[in-house]
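According to TrEMBL, the repeat 'PPR' annotation covers 24-58, 125-159, 228-267, 334-368, 435-469. Look at TrEMBL and you will find 800-1023 tagged as domain 'Tubulin/FtsZ GTPase'. According to TrEMBL, the feature domain 'Tubulin/FtsZ 2-layer sandwich' maps to 972-1117.
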Amino acid sequence: MNMYLKCNEPHFALQLFDEMPQRNIVSWNSLISGYAQMGRYINAKQVFLEARMENVNVSKYTYASMLSVCAGTGDLELGKVIHGLIIVSGVGVDAFLSNPLVGMYSQCGRVDQARVVFDKCDGLDDVSWNSMIAGYVKAGLHHEMLQILVKMHRGGVKFSSYVLGSVLNACCTGFNFSLTWGKLLHSCSVKLGWDHDVIVGTALLDMYAKTGDLNDAILVFNVLRDKNVVMYNAMIAGLLRGEDINDELVKKASSLFISMQRDGLRPSEFTFSTIVKACIAFQDLEFGKQIHAHVIKNNLQSDEYIGSVLVEFYSLWSLLNDALTCFDSTYKQDIVIWTSMIVGLAQNGEYERALGLFGEFLTFGLKPDEFTVSTVLSACANLGGVRFGEQIQSYSVKTGTLKSSMVVNSLIYMYAKSGDIDSANRMFEMADKFDVVSWSVMICSAAYHGYAKEALAIFDLMISNGIAPNDVAFLGVLTACSHGGLVEEGFRCYETMKRDYGITPTEKHCACIVDLFGRAGRLSDAESFITNSDFRHAPVMWRSLLSSCRIHKNTEMAKRVAERLIELEPQASSSYVLLYNIYNDVGMETQATKVRDLMTNRRIKKEPGLSWIEVGNRVHSFLVGDKSHPQSAKIYEKLEDLLEKIKKIGYVDGKNNNGLSVNHHSEKLAVVLGLLSLPLSAPVRVMKNLRVCQDCHTVMKLVSKFYETRFGFIGLEMELVLVGIIGNNQRAKTTVYFILGVWMGRRDQERKRGKMREIVSIHLGQAGIQVGNSCWELYCLEHGIQPDGLMPKHTSNDSFGTFFSEGRRGKYVPRAVFLDLEPTVIDEVRTGSYRKLFNPSQLISGKEDAANNFARGHYTVGREIINQCVDRVRKLADNCSNLQGFMVFNAVGGGTGSGLGSLLLERLSNEYAKTLKLGFTIFPSPKVSTAVVEPYNAVLATHSMIEHTDIVVQLDNEAIYDICRKGFNGSMNVDISEFQTNLVPFPRIHFMLSSYAPVISSSRAYHELCSVSEITNAVFDPSNMMVKCNPKKGKYVACCLMYRGDIAPKDVNNAVGSIKTKKTVQFVDWCPTGFKCGINYQAPTVVPGGDLAKVKRAVCMISNNTAVSEVFSRIDHKFDMMFAKRAFVHWYLGEGMEEGEFSEAREDLAALEKDYEEVVQDSQQEEY
């Protein structure tokens, strides 16, 4: 028994244990300790409780094993119970039991109780001291740890390498005088001869490196013998730790990296990630690419830790394709890799792709942290996606991330940048605490809305609360002064920022000063400031001055500034357009024409203004003077009416030589459509790709008076300007926003997805997973999908939408969940050739199998994993636009397929009562059996299927691989409701037979060409049935024939007509339309290297035949024989199952057999 347990074969050990005529304490101890050492803590607890119930006098060895179980599971309550039993039993707490007691209390977080046990123990040994020190280290109680260390030294106990290593590691985690204590311990290790030990040497190296003493770290590294990967990692990390990374340190680390490989050591994941981080800090692209090549060479590209660092590295250089390649090569089961990719996309302006990736992230079942949510909200702010941002806010409330100041600040920023100042204020008031970011966002929000005095008041309040302003806060203050015309106040803040707070002005700060002088008409001061600034060559400075020249119509300076700006940015169209507008405004048409001609000669094209609005789940876009919209007549009529009305309150017609384009700008057309289509209380959000022109500002300002509301604009520089706040009566208000961003196409994609009727596939247990693995391989082969889920040439194909979901970059992911209680079979999928096809979060496995026990799969082990399974299925179902049902693949002979399968079906029936559930179920065959208790499992599972499934296609485990040969081609679609409608006459009569023809071995194929008639006759032959029964003994209620390949409809009709005339194939008379046929004209696909030969035509039949009751009779017979003796029943009862459930399930199957008999009898009566 010990041998089996140590060889990780607990089932054989348990079998021997059960067969023992007499069990003594040694046998019980062996089983408990064996389970504990294997990490099967639940089994160990069960055996211990069983021993207690049988009044076995357990020994101290039993208690020691159980204490290790409690430590492993963190079960403090049971640990206390074991401690009490030790005291009550009189065994006594000696050194042998004190060590596991100390370890148990330490692991469970009760180091105080561990110390009590430690102090009371008389026979302390090395293990006792080590356990106590390890407990203090884990709890972070460093001073107490040192007290034990001193007590140990004074007691003459020799330090072990493990003790020294633990204490030295604690010296790196930050208690006072850690380096001093570390050096003292270093001295002790030298005296004791442990300085060359691997554990102590690595701990010393890590301590010196983390405390910044690189010289001593290098000395320690040089004297170490037999250096391993951990030592090299500690040294490399120490050289590259901190913010002061220089070229010399990077070279030393690179040299160590090379030496490490020269010594024959393979770099670990930590080695590569550390080196890549150095490349990020030192911004060394070429060296980073070389390290990436080493990662691929060592086959570590799928590691998520390395992948996240590589994604960050390539994103830094805006190499997003390379970053996405690194992202796709990982298993994507860790939140860090997702966050790195989302951040990389957002930092490079790919906001919509970042939001799309976040949606895909949620479908993987991962829970985002506050950093991920904050990044996504920032993307929403820059994209103008307020609606999506509101959904993220709701999600944050549910997940609890809204408590994070980082998320709150991002929400304030999003609402402020999107023009919703009221929501931004509410979020600020709701915050539990305000940091410098919160204050800075509110200052900038007020400034960009034109509330100069309010922004300055917030700034003063921030300082009075003891918060030192940062560069962003000062940027908001300078913007407020610029918009408010507070020149002296603004320049004084600029000087204060440099003098009192030591903040070096950036290009943005200096641009604000230029704008400050320019808006006030002090153009000479603005020009002088630029020429004396460190940013005199920055285009943004001159562009700001040129804008001011237009405001004050200073054409002479405008010409000079424009020439300088064109010199800095010769291909930027904005400079030419701005100069053109300046000349045009003052009537200098000749000069304006010259600027236009200059643009033409230099082939510089102005980006056309495009505005769009989302109305009624559709995106409506407009160009200047656009008349392509279906409501174009109403839009222009409404626009002209508005222009006429605002002329009466002061609007001067903006028409000039190009008057039509001014009055019919794209943003005006989009706004009018919003006013026509949306309720007055609904916000009108219009997106534009360029800055809003002055005339549109003026028009919206006057329209705001007419509507008694507020209008805000966000232009190309993301600058929000308040243009009017009029009135505060009870009338419904409309808010119009002009937002920079791209938010198009999403609704169209959703509508496309809505055309399909999706199916979620669930593969349970070993048989279900093996069937599923083959099915998905065949699906991919038939439809040209590669093992990584991509098509050879990316095409968005909606015909795959029934079984596949299309992800980012055209990858098709099976809408399937694989479930098993032990990892072996699913690991084959995770590491197989199609591993990249599946979403890793949909491959769910536990640690313990069901041991062919329905009750374990249903009541104990299965119940521990069921919530995770249902959550994953629920997420897939929620992401379907039109879910038609579930397809469940499992075997009812095993414990997982029967027990967990029944439990899952019950949960699905509760949540999706009206959604179809189609089962492909493998029943025990008469000759081949993998477990003697298969009849129990099958009866119990069938009892559940009768109630919780709509259709069940019965298979035989002798034909398990043949079922994989059924495929669907063309539009990869199936309507399982048609199966139910045509095959299930009564709710309980829903267990189907299946057959396939021709079945020709690839090794014996001689280019056979079977006729349609031959293959049709073959599927009715009992030898081709995939479950062992004789359909000739029963009657067909209905059958579905699915033909593939070179098939003529006339031949199908003739073959079906011939079948109807045969006496051996009998149908019930009350179902005259018993046949339903379908033809797919593409030849059947076979897996390369498989057992089936490739043929030109084939047929698969799913039929409802009363002979299926033969399967139930056979299982019931075996069930009755065992249950009469109550054989093996105790294993089920031990898992929490009641004996009455056996009887209830058996009675239900007897009733099912009776139902099939009545179907036959009714047919015979009608014949009579």
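Keep in mind that glycine also has a Cβ here, set from the backbone N, Cα and C atoms.
With a threshold of 8 Å between CB atoms, the same-chain residues lying at least 6 positions outside the repeat 'PPR' (125-159) that come near it are 95, 98-99, 102-103, 105-107, 109, 111, 114-115, 118, 166-167, 169-170, 173, 175, 181, 188-189, 192, 194.
Listed as Cβ neighbours of the repeat 'PPR' (228-267) (distance under 8 Å, sequence separation of 6 or more from its ends, same chain) are residues 198, 201-202, 205-206, 208-210, 212, 214, 217-218, 221, 274-275, 277-278, 281-282, 284, 287, 294, 298. Counted with DSSP, the repeat 'PPR' (334-368) comes out as 26 helix, 0 strand, 9 coil. Taken as a whole, the repeat 'PPR' (435-469) shows an average pLDDT of 86 in this prediction.
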